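To keep things clear, I will list the structure first and then write my remarks on it.
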Amino acid sequence: MMSKVKTRIYFCGGAGFRIGELFHGYHEDVCYIDTSVQNKHKHNTDDNTIIIEADTKLADQTARKRAIGMGKDRKAAAELISAHIPAIAHHFPAGDTNIVVYSMGGASGSTIGPSLVSHLQQQGEVVVSVVIGSYDSDISLRNSSGSLKTFEGVSSVSKVPMIINYHENVEGIPQSMVNQNILEVLNALVILFNQEHQSLDLMDITNWAHFHKHHDVPVQTVQLHVCFDRQEAQAILDPISIASLYTDPDRDVSISTVLTRTTGYADPEKYDFDQMHFVINGLSIEDIRKRLEERREMMNRAKANMRKRQSTLDVDDQATSSGLVFD
């Protein structure tokens, strides 16, 4: 069992593993959880990785444990994964703060991630999810939509707002650009959570994330926006909670009227950023929901309009038991 750390990062599923590989060397307290050995990379070790195996029937009807992934089947993934979550959380215990990284469009990550978040939040831990919505296929779109609903379910069950930092895989945007944005967010969160800044302690971070404990607000899914200047932060509609970091205290200017605001001052000799703002709001979740709905409507129209061809078989053709046909 690992000891308590300041920030634990959990990389879940295939997308999580790929991000974790890119993030290697930036933070040491990381771990990986998946259902497929095919997603393992050179930085995975027995100490930092758990691969959940499923009972699989072979051709001779014998059963065998195999780690071959879940084929984007979220229901099957949930049936396999749910019983393992307490043991995973025990093996990789929560840090003072926690980041969980996964895709919404697959199966393993989109079930491991929210299940782990639910478990940790029910233990009172501070958790932020960094998630990737996907529109590239019908099943990825349906899984992303189901994941968004799952986040609301996790909020309801844990009685803690589920905080997501949201990214999208969409046409015209290279995967490398999406990955780079995620890496910037992870670096920023690790800095925010490192407990090294003047006037910003762990309780300040806890109050920022668990704003619902001090204000009469709905316990729902909320979105975290990571902003690198004041104008960007001010553009976020209806902010609920803001944490800000400055390397120059004289740059500290009120951004907006919010329920919770906490500010810290980072060492300018150690960090080269001017300011960072971590803005939580709820209204942006509605934008995500609408985009997913619009995409599903487009997908349904495309399926309905898909041309169907006539079979090459006619009523007189006879197929063998193997499907062979002789003209």
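Including glycine, each Cβ sits where the backbone N, Cα and C put it.
Summarising the annotation, Swiss-Prot assigns GTP binding site to GLY14, ALA15, ALA107, SER108, GLY109 and lists similarity to another entry as the type of evidence.
If you look up Swiss-Prot, you'll see 318-327 marked as compositional bias 'Polar residues'. Secondary structure of the compositional bias 'Polar residues' (318-327) per DSSP, as helix, strand and coil residue counts: 0 helix, 2 strand, 8 coil.
Under the heading region 'Disordered', Swiss-Prot lists 303-327.
DSSP assigns ASP201 (site 'GTP hydrolysis') to coil, not to a helix or a strand. Under the heading site 'GTP hydrolysis', Swiss-Prot lists ASP201 (among others), citing similarity to another entry as support.
Over all protein chains present, the Cβ of ASP204 (site 'GTP hydrolysis') has 18 other Cβ atoms lying within 10 Å. Taken from Swiss-Prot, the feature site 'GTP hydrolysis' applies to ASP204 (among others), supported by similarity to another entry.
The maximum pairwise C-alpha distance among GLY14, ALA15, ALA107, SER108, GLY109, the residues recorded as binding GTP, is 11 Å.
Looking only at the binding-site residues GLY14, GLY109, the densest Cβ neighbourhood within 10 Å occurs at GLY109. Cβ neighbours within 10 Å of ALA15 (GTP binding site), excluding its own Cβ and spanning all shown chains: 30.
Take the CB of ALA107 (GTP binding site) and look out to 10 A: across all protein chains shown you find 26 other CB atoms.
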